[in-house]
Each structure stands twice: as C-alpha cells, then as structure tokens.
Amino acid sequence: MYAWTLIVVLLMVMALAYHLGRKRAIASAGGVTQINTLHSLPSYYGLYAAIWAGLPALLLMGLWFGFQDQIVTSLVTANLPAEMLDGQSSGRVGLILNDIKNLATGNIVSATVTPEVQAAADQYARLARIANWAMWLAVLAVAVGGMAYAWLRTEPQMRARNRVESIFKFIMITFSSIAILTTLGIVLSVVFESFRFFQMISPLEFFLGTNWSPQIALRADQVGASGAFGAIPLFTGTLMVSLIAMLVAVPIGLMSAIYLAEYAPRNVRSIAKPVIEVLAGIPTVVYGFFAALTVAPLIRDLGALAGLNVASESALAAGLVMGIMIIPFVSSLSDDVINAVPQSMRDGSYALGATQSETIRRVIIPAALPGIVGGILLAVSRAIGETMIVVMAAGLSANLTANPLDSVTTVTVQIVTLLTGDQEFDSAKTLAAFALGLTLFLVTLVLNVIALSIVRKYREQYE
Amino acid sequence: MNITVDEMEKMTGAMSSAELASERHSRTTVGDFTAADPRMTCRNVDVWYGSKQAINGVSLDIGKNEVVSMIGPSGCGKSTFLRCLNRMNDTIDGCRVTGSIQLDGQEIYDKSLDPVPLRAQVGMVFQKPNPFPKSIYENVAYGPRIHGLTNSKAELDELVESSLEKAGLWKEVKDRLDQPGTGLSGGQQQRLCIARTIAVSPEVILMDEPCSALDPIATAIIEELIDELRANYSIAIVTHSMQQAARVSQRTAYFHLGDLIEVGETNQIFTNPQHRLTEDYITGRFG
Amino acid sequence: MSKPTLNAPQAPVRRTIDIVNASLKRRHAQERRFRRIGAIAVALGLAFVVLLFADIVGKGYTAFQQTYLQLPIELSAEKIDPAGTREPETLSTADYMAPIRAALRQQFPEVTERRELRQLYSMVSVGAPQFLREQVMENPDLIGTTQEVWVLADDDIDMLVKGQIDRHAPEESRRVNDRMLGWVEHLEEQGRIEKRFNTIFFTQGTSREPELAGIAGALMGSFYTLLLTLILSFPIGVGAALYLEEFAPKNRWTDLIEVNVNNLAAVPSIVFGLLGLAVFIGFFGAPRSTPLVAALVMTLMTLPTIIIASRVALKSVPPSIREAALGVGASPLQTQFHHVLPLALPGMLTGAIIGMARALGETAPLLMIGMIAFIVDIPSGFTDAATVLPVQIFLWADSPERGFVERTSAAIIVLLAFLFLMNLVAVLLRRRFERRW
C-alpha cells in the first residue's frame, strides 16, 4: 500500500504548491489590492504551481510502476546460477521466476525451494525494497523541483491562465488518444503472439484443418503428442450457436419491436418495452447459469421423451439462451429504425387503402431494411464474441457436426480454456488462444464497421 | 356546442380583436354549400383533438367532376377537415369526429365501416411528396397490388402506364421505371404520388396543399393536371395560394378558426365576397 | 347484410370497389394474423424475463437460510483449557470438534460402529468447530458448562431439511441414506433442527464446503475493482468527451479517434481480456488476479460507453449557454468548466453508472487475467488477490455439490439486486436533472 500513501503525499504537495503559488502571485503583484496588475487570476498561478508539482511526479511514478518489475526481474535473472537456466525453455524460466517472486512476497510456492531460489528471492525482495525507496525519493524530488520551478517563474506578466489551459487541453488530448492506444494494444498483443503461433503452426493448418486437440502431451510417446490445431470445428461451432441465437432473436426481436411500435396501446408499450430491455442488462454469466442448469437439462429430457439422443451440453441450449440475450438488442435497434421511418410514408400507404400490416410489411420494413440489417449484423457480432454462455453451456469437444443436438465448442470457449489456469507463455497451446483472439477480433471488427456504416447511412437518409 | 367566445379564443389562441371575435361567432355559413350532383355530403361536422375543438359544425358538399378548393389562414382547420373525408384522422390519437359525412349516400364514420375500401375510393395527395422508397414502377403498382386489382403482369404494366400517363409523368420516366421514386425532382415526385393515387381508380381525390413544396413551374404543371383530372374525378384541394384556388377550382370554401365562413362559386368568392372575414382575407388584410 | 358496405358507384370504376370488397375478408384475416404474431413475440419476450427471474429466485431463495442442529455440548474445562489459564492462545488451539461429536454420540447412543459413527459425525459441518471456538473465546465463562448450542449442519443435511433432497426417493438415488434420514427425523421431532438466516453467506469468503461458502470476498473484490475503474474511467472519459465534442478540430486524427471509440464499444469483451493478459500482466508485470489489473481492463472496456454518454450529455447543452459565457469574456476552457460541464454532469454520471453496472456483471475478460483463482481470504486492497462476484458465480456454477446450486442462484440474486439499484439510481438521476431547453 506504499503507492497509495505516496499518492496522498503527492496530493498534499500539490495543495501546498497551489497555496504557495497563489500567495507568491499576489505578493509579486504587490498585495491583494494590486492583483489587477496580474495577467491572470491568482488561482491560476496556484493551479500552475500545483500542476508543475504534481504532473511530472505522477508521470514518473507511472513509468516507475510500469518498468520496476521488469528491471528488477532482469537483474535477478542475471544473478541466477547459469546451470539453472541452461537448456531450459523460456516457459520454465518464467515458472522459476514466478516462484522467486512468490517466495519474496510470501505467497505459496509450487516447487521445492532450493538455496539458489531462496537467495534469488532474497535479492528480489531487497531490490524491490530499494526500488521502492528510490521511487519515493525520486518522485518527491521531482514534485518539489516542479514546485520550485513554478515558484521561480511566477511573476505578474506570466500568462498563467493560458499555460494552465494549454496543459489541460493537452491532458484531454491524451485522454482521448487512449481509445486509439487501446485498439493499438489489442492489435499488437494479439498480432504479436499470433505471429509466434504461426511460426510453429502453419496458418494453412490453422484455418483449414479439421482436427482440434490442443493438448500437448507431456511425454513424447503419448498419443496426439504434437497437438492438432485445425480450427474449422471451432468456426463451425461458433457459427452454429450464433445461427441458432439469431433464429431465436431476429424473429422475436423484430416482431415485438413492430408490435410495440405500431400496434400496442401506449400503456402496454410503456411497460413491455422496458421489461424486455431488462434482458439486456442481465450479466452473461447469469444466462450461462440459466443455460447450463435449466435449459440444457430441459432440452435433454425433452429429447429423451422424443427418443432423441441429446448431448448434455448441446449447441441448441447455448444458442437458445444466447438468442434470448440478444432479443432486446435486436428489438431496440429495430424500434429505432422503425420509428425513424417518417409518418408520411405510413400516411401515403394508408391513403391508398392499405391495412396496417400491409403498410408495415410492404412500406415500413423495406424502408427500414438497411437499418434493420445493420442492427442484425451488430447482433451477429455480439453472438460470435459472446463468451460466458458458451463457456458454461456449450462443450469443450471440437466436433465437426451440423446437428444442433450435439455438443460443439466455439472460438471463445477455446480461448478461455487455453488461457485459464497455469500456463506457459510460449507453448503453441497458449499462443493458439491469441491466434483465435486475432480471428475473433478481425471478424467482429469487419462486421461492426459494415454495420455501423450501414446504420449511419440509413440515419442520414431520413435526417 | 355551448362554448363561449372567450373559451374558443383561449383554445385557438389567435385573433384577439373583439371585432373579429363577435363576427366569427355568427356560425352560419354564408352561401350555398350544396352541390348539384353531390358525391360527398358533409353535415354539421365537428372535429375534436382531445378537448380542443378544431372544426365547428361544417357542412359542405363535393360534387361530381368539380374541384372544390378550401382556403383560409393557417390553423383554420381546412387540412383537418380534408383528412376527415377519407378517415385519415383515425391514425391520430384522441381525434374525434361527429356529424355526418357521406360518400354516395353511405355514412363513412359508421362504426362498422371499413376504412380500407373507403380509402381506395377516396384517395389523398399530401403536402410533401411522399413516394415510397421503392422504384417508380413499384410506387404506382403498390395500390393495385395490395387490392389485387390486376390479374396479370401485363395488366399491371398497362395500369401503371395509364396512371403515369394520366399524371403526365409517363414521358419523363418511361425509360427508368426501375429507378427509385425518391430520385425524382419534387414536382415529379408529387405527380408520382398523384399517379399512385389514380392507379387504384378512386372517385374522389383529396389534395392537401399539393404544391406548397414545389417551385412555380412544377406548380403550373400540377395545376394543369388537376384541371384535366376533373373530367373523371371529384377533387377537394386545400391551398394556401388564393391564385391557385382561383385558377383550378369551380367552387371555393373559406375556413376561419374551425368555421366554414363562406362557400360559393370561385368567381363570386374572389370578386364579390359576402362576408367581412372572407373579404379581409382575400384582400390580404390578414392571413 | 348487416355490415354496411360502400355502394358501388355507377360506371366507369365499378370494378375496383367490387374487387376491393371481395378481397377484404382475406386481407383482414391477414392483418389479424400479423398482429397476433407480433403479440406472441412480445409475450415470448416477457415470458423469458419472467421465466429467467422465476428460475433464479426459485432456485436461490432457500440459500438465504441455513440449517442448524441444536446440541447440548459439554465444554469441559479439562479438554479445552486444562491449565485453566483462559489464555486466548490455548483457547484458540483447542479441539472443538470433539465436544460436538460427543454431543452427537450422546443424542444417538445406539450408534457405535465406526462406519456409522463417521456418518453421524458427517451431519455437522467441518466448519462447525470454528464457530464454537469463536463463541467460547468471546465468552470464556462457558467453559466447564454444558450449553445448548446451534451447530452448523453439513450441506447434505441442509439440502435434506430444505426439501431439495427428496426423502421419498429410493435410498440409492439420494445422497443421504436411510440411517441419516432417521437421525434427522429424530432431531426434527425433538425440535433440534432449525433454519436460520444465513449470515455466513454474507460474511465469509468462498469455500469448498457449500455451507461455509460466502460472497463477502467476491463482493469486496468487485467493490475494489469498480472503485478503481470509476476513479480511472470517469475523468478520462469526461476529458476525452469534452475534447472530442468541444475542442477537437475536424481532422484525420479526431476522425480516427471517433471510429475507434465506436468500434471499441462493440469489440467482444474477451478480447479486452487478451489485451490485459498480454499487456498489463505479460509486459508490465502487474500482479495477476488483482483488482488492479481487473480495473485497468474494465477501464478500457467502459471508456467507450462513458465517452459516448458524455458526448450526448454535452450535445444536449444548448449552444446559447456557450455563447453567453464566451460573450462575457470567458475563455473556451472556462466556458466549459464553469458553465457547460455542470449542466452536462448528470448525464455524464448516468453514463458512468451504466458503464459501472456493465463492468459489475462482466466475467469473460477477468477469466483471462487470473481472477478465477480459488481465494478464501477477503481482499483488503487493490493489489490483493481477489475474485469478483460474477466470476464467483461462474466458479460455483461449476461445482458439483447440490448446495452450490442454491448458493450460485443466491449470489446471482445479490448481483442482480446491485445492478437493479445502480440502474435505478441512473434513472432517478436522469429524471431529477432532465432539462428541456
């Protein structure tokens, strides 16, 4: 918790800087009566000093947190006896380092503690302590230095307000760039790891192979020792579950949007619409629980009654529940686009003697079609990327099947399975998750871009 | 109808001059509101939007092969009255119509009367051209299709062509029937809407300021068209332009704050109005 | 014919109205059918909501009670505190299971065989001694007396008493055999079995034993995660929205940001988990399974929501306010901070609450960053290993014990209650401050 103390101390330094800067400005102008000779209000001089005291120090602290661990770790690694590292995969080294860190912080250690590891852990703890103290010193020094700089710069001619404002603007620009940094971070992290994966497994095998069994055997003589990374069964599984979901969500969502927008009396609409939208606010893990414990057994029992052999983790159960989840998504987007169709279209149709349903089917839906299609594409991208429902209710076995009563697995399920639990960062098994993640990201990105541009074009048409 | 002048003033929120108020209270319409060969007959029609009265005891006939124009200042109820004639007001919440409106002797506000065939007989053209976002052909074919008026593609083609012909649009669009109706110019769009209305062979056509969104040239074309259509249809047209009323109509009705003030031969209304309000409006003293 | 039809007029259009009238019946039937389909769709949507809630509540409400057995327990001084010092050290290390077992034997003296005894002992929870210890340490005067103590029952007994294990089912298909059933019924007759409010569920961390498992650890984990997420994402989101809406020049860079914000809002959440794993844990070496990393990931996830909501709020402030402020000589930034922001703040807060509600229910990305570790301790900071409520639900849902089903459902009820509360606050906030310009 030292970091939080430091932040509190830093905030106090900033408050002090504000106070001093303000007083200094008033004094430099020649007292309270003379403050109109200042360029800006005294509080801006105070803010200026506070920013100089706080911002560089905070930045330094952030950098320190970001890189302290890496530096300390590399120092410790360099000091480890060479025979511990020789001939070990980088994954093993990672595990050893993990042990050292756990030992140093007093956590549970997986392996037996050798003297070398103990020594390294002691060194790690020592270095971390030193680094911590050094950070305190450095951060406070920078804070005080910044305050002093602002103090020296304070004079009546200084354009304190403009400076403060340009700093604020700069901060806002930085904040808005975080969106780009996030995308960049996503792309870099998945692309980089996927690249390493594709060095081990050819992309051809990954995208066209039909056999998926990523478990790499511990001993070379075990069956399936190499693991197989043909992702086609995952893609078909994902598609099937999404398709079932859309078959549930699109008709129900669209028809209920139409009914609520065109037919329902106002009081029915004002109750039914928010109630259906409640479905959108329920966490996916709840749907997963519902699918796994209620819907899947129900479908299995019904299937047994009908003499069908239904897997206990059938694609149908996961797809049905995912469809329920997506209903409000489809219905609220459809509601938006249906309401965007101008009343004059309806009037034109009624004036020709069309009934309400003829108007809806032949005029409103065709007019709203681009918007509806855009909404459905967004929903599809939702379904493809949905994780918890399929993790809990779809299976793990990568069957290449077209039978919705069978168990299938999906891209997201496999990402979760491959990455949960202890992992070696460099095995093909772990990296495969990133290759799947890259595929998922690209597919949903393309769907989203197309959908958003269709919806935007549609909106412009009636604006 | 025991509404005081003051309440009426409050509700409509216009015309506070005491002089006007006392005059508008004389609710009897000046002139003869009947037609020689009536197609639609309206007697003592009141229209309410919730608790607000928009039309006040209007009686008016629309005769065969004639154009009746309705003029008056904004908010006088002429559009509301027009929308009563094919029950388009049904789509507005809280709108209530009393009195008698008959089409060929049949009460159209009868509880059990179906508005669908009524609207097939009484077509409507709106203020703003509102072609469907479909092709030109499909726009015209829409009415015949929903009513099942034709039995074959050839018949439908013929009907589309003759409707566009009657609307004076055929020459301009015959080579691009499959293009969207929304791509036409404003005047063409309005003629497309007229063609669409004609395609279901109505007996009465209602036009709600059909030229207000159009330029003078397009307006002139539409006005000519209205004159031609008179041969086969009865037409009621709401217009803001007195010149237009004078050019296209045989009879003119002047509306004021929900009352029908004066009806008569168009010539007579514009040259020799009987009522002060009519005269004031026509001479441009207000409105 | 009673129904009035429009008279067919004289030529030339006689045909049209006849055709129209002839097809009316079919068309109106079609209309009714269409309308009915719509009504069915709405009814289905509503039915799903009701079904979901009924299912969860039906499964979960029993978990708010827990079965206890009343046993006369002899807290003999020789066993617990032979030296008679009453030192906390001795008291806390004493064996409290033995007196409970003795009390059980005393209730059923006929049980002597080893296997049967083991079954008898299994009726109380393995956690029962811990609670007895707490009672004794709180009040050392109990030592040397025999007390009627309510002892925590095992989850199988709990399930049986709550009726979730069918007593009339054949013996081999139920987890509690006939002998144990007999003991339970004997105790019930004596009024020694009671269901009490389940405080353990709200005060304890998770456990392998259903009767000892609680959501306190997960709740605290969620609390720390959300707190940090809010601290990070709200200022960043508002700053970004302010810049994009009010200051940004229309150029490539801001276009790029716009597109990015909109697309990030639709990126699958699990991809954010991959980002967190690769960047925060893999690259920066942040500690796994902690609210810190979870909050960093959640911040990136909720930012688009907050930015979009904040921009809408800023848009709804009429330009006249800005013109008025600029007109009296305020700088653009002063205009924003003194006049526009205060007016837009309720809308921004609403967006933030909705973003937080979504973060509270989010599970998938947290699986990637190791929040699924089995952590019994209740976290007390941002860098303690922790789990969060939805992940706890996921973990419990995977457990085979019958007792975890009701606890999972109960945890879901708690989660939904929090979500409901947050959305309620957002709605009230919006209604309270909604302004029509």
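Note: Cβ is positioned from N, Cα and C throughout, glycine not excepted.
Any TrEMBL annotation is an automated prediction that lacks curation.
Quick caveat, the model's predicted, so the values are computed rather than measured.
Here TrEMBL flags A:235-451 as domain 'ABC transmembrane type-1'.
When Cβ-Cβ distances below 8 Å are used as the criterion, the transmembrane segment (A:45-67) is approached by residues 3, 6-7, 10-11, 13-22, 24-25, 38, 131, 135, 138-140, 142-147, 149-151, 153-154, 158, 160, 163-164, 167 of the same chain, each at least six residues removed from its ends. Among the features that TrEMBL reports, transmembrane segment is placed at A:45-67 (among others).
Within the same chain, residues 2, 6, 9-10, 13-14, 16-17, 20-21, 24, 48-49, 51-57, 60-61, 64, 68 sit at least 6 positions outside the transmembrane segment (A:133-152) and bring their C-beta atoms closer than 8 Å to a C-beta of that stretch. Positions annotated as transmembrane segment by TrEMBL: A:133-152 (among others).
Beyond the transmembrane segment (A:172-195), the same-chain residues lying 6 or more positions past its ends with a Cβ under 8 Å from any Cβ of the stretch are 431, 434-435, 437-438, 441. Residues annotated as transmembrane segment in TrEMBL: A:172-195 (among others).
Proximity of distant same-chain residues to the transmembrane segment (A:241-263), defined by a Cβ-Cβ separation under 8 Å and at least 6 residues beyond the stretch ends, is recorded for 269, 272-273, 276, 315-316, 318-320, 322-332, 334-335, 338-339, 356, 360, 364-365, 372, 376, 379-380, 383-384, 390, 394, 404, 408, 410. What TrEMBL records for A:241-263 (among others) is transmembrane segment.
Here TrEMBL flags A:275-296 (among others) as transmembrane segment. Using a Cβ-Cβ cut-off under 8 Å and counting only residues 6 or more beyond its ends in the same chain, the transmembrane segment (A:275-296) has close neighbours at 256, 312-314, 317-318, 320-322, 324-325, 327-329, 331-332, 386-393.
TrEMBL lists A:316-342 (among others) with the feature transmembrane segment. Sequence-distant neighbours of the transmembrane segment (A:316-342) (same chain, 6+ residues past either end, Cβ-Cβ under 8 Å): 240-250, 252-254, 256-258, 260-262, 273, 276-280, 282, 284, 287-288, 290-292, 295-296, 299, 310, 363-364, 367-368, 371-372, 374-376, 378-379, 382-383, 386, 389-390, 393-394, 404-405, 455, 458-459, 462.
Per TrEMBL, transmembrane segment is recorded for A:363-384 (among others).
Remote same-chain partners of the transmembrane segment (A:431-455), defined as residues 6 or more beyond its termini with a Cβ less than 8 Å from a stretch Cβ, comprise 186-187, 189-191, 193-194, 196-198, 200-201, 206, 214, 229, 231, 234, 337, 370-371, 373-375, 377-378, 380-381, 384-385, 411-412, 414-415, 418-419. Per TrEMBL, transmembrane segment is recorded for A:431-455 (among others).
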